[in-house]
Amino acid sequence: MKSFNTEGHNHSTAESGDAYTVSDPTKNVDEDGREKRTGTWLTASAHIITAVIGSGVLSLAWAIAQLGWIAGTSILLIFSFITYFTSTMLADCYRAPDPVTGKRNYTYMDVVRSYLGGRKVQLCGVAQYGNLIGVTVGYTITASISLVAVGKSNCFHDKGHTADCTISNYPYMAVFGIIQVILSQIPNFHKLSFLSIMAAVMSFTYATIGIGLAIATVAGGKVGKTSMTGTAVGVDVTAAQKIWRSFQAVGDIAFAYAYATVLIEIQDTLRSSPAENKAMKRASLVGVSTTTFFYILCGCIGYAAFGNNAPGDFLTDFGFFEPFWLIDFANACIAVHLIGAYQVFAQPIFQFVEKKCNRNYPDNKFITSEYSVNVPFLGKFNISLFRLVWRTAYVVITTVVAMIFPFFNAILGLIGAASFWPLTVYFPVEMHIAQTKIKKYSARWIALKTMCYVCLIVSLLAAAGSIAGLISSVKTYKPFRTMHE
């Protein structure tokens, strides 16, 4: 085992996880001294699809059921456009001041610091990393639910659909955590391409299975009642439930597209030719278009199949029972997808902390030293003791939080509401205005500001709906006792 110390690195350009020395002329590096980026629009598209298409795609039938055919499909299309539009603005801000030849910004906070500065940098950090932490906890819960669904599906198949097949989530959360401890040793975002491509394939697979099962239900004629306005007050829901669930549904759709939290980190993996902003815009178009296609299919066909009684997730909530083996496979695909998605959202957190520690403690060998070891089938691998301890601790903590708060998805909705507006809409628009020097009160300025305020209202209403759902969950909460029934 060979040890080497990185304390001589230029910490303004090298972060933990980079296995090269900036001054080493024998290494293949970019103009900023970092390891040469090799990403393309295709790998960036895979990262985006992995980040965006979560198992929530299977809950869109429920969202459309709350809103109806007209509002549901319209909101899906509107937010797909808003997300793509603002992502192109953010892609142009990766370099500053010029989007092609300017200085690179490696994180979302760096971008905000370059264009806006002041307290907005801290606001961005709180929104971004709060969201990333929340997502990693939420994915731990969701993955365990999918794995539990596999066991329950087999139980229902063997004992009948009315059998008591209650299974605890906690062992599955522990297994998911162990897998993440291992994968978290992947040094940085640049090494995640294979994981994202695999996760993207999994997301296509389970979404396609869900769509296929919904089509089969519609073709069989056993469909639920649908309407232009969704669930009916006095029949399906009370007036209060209609309001709160509609708010929550709008928020779910809006947040389902959000990937601004990791956009800059994804763009930082792209090679410089063609220009990163051009490649990222192409990746965003492919990613958002693909996502919208699957969202509309899952949402609309799922609503057509189940009507106003559409379940929250028609795979894990057993909208379907047969064929059980296909449902097992789809739920396993969800779990595998979330294994990759967890890393896409966790890597920016890992690198943020490691970069800070390298800067603050450059002489601490525990933090700066790395060891070169030979790993079977993988070849030479650089291991940092600090990275091993810190990342393992993070995974353990998020897993324990997931076990303590199994209703955390309600909290995640609230976190999504709080972070969607600043990260996906406000900061990209404000930086675009600053970068292109749009005149105040011009037609374009007014249009951009109007979009900002409309999205702010959506976030506030969604937050209200999430709080109502959270209050309902807390009333029945029992720590370490909640089972997936």
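Every residue, even glycine, has its Cβ placed from backbone N, Cα and C.
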Subject >> Given ranges 101-121, 416-436, the stretch to which Swiss-Prot attaches the annotation transmembrane segment >> reply: 416-436
Original post:
Per Swiss-Prot, is Cys124 on the side of the membrane where Ser472 is?
Top reply: no
Original post:
Which one of these stretches, 62-82, 167-187, 395-415, has the most C-beta pairs shorter than 8 Å to the transmembrane segment (246-266)?
Top reply: 62-82
Original post:
Between 130-150, 286-306, 319-339, 395-415, 451-471, who has the most Cβ pairs under 8 Å to the transmembrane segment (62-82)?
Top reply: 286-306
Subject >> Residue numbers, six or more beyond the limits of the transmembrane segment (286-306), whose CB comes under 8 Å of its CB atoms >> reply: 41, 44-45, 48-49, 52-53, 57-58, 60-61, 63-65, 69, 72-73, 76-77, 80, 83-84, 87, 204, 207, 210-211, 213-215, 217-218, 223-224, 226, 256-257, 259, 314, 319
Original post:
Ranking 130-150, 395-415, 416-436, 451-471 by Cβ pairs under 8 Å to the transmembrane segment (167-187), which is first?
Top reply: 130-150
Original post:
Which one, 41-61, 130-150, 319-339, 451-471, has the most C-beta pairs under 8 Å toward the transmembrane segment (416-436)?
Top reply: 451-471
**OP:** May I ask you to check whether the transmembrane segment (395-415) and the transmembrane segment (41-61) make contact, with contact taken as at least three Cβ pairs under 8 Å and only pairs 6 or more apart in sequence counted?
**Re:** no
Original post:
Using DSSP, how many residues in the topological domain 'Cytoplasmic' (188-194) fall into helix, strand and coil?
Top reply: 5 helix, 0 strand, 2 coil
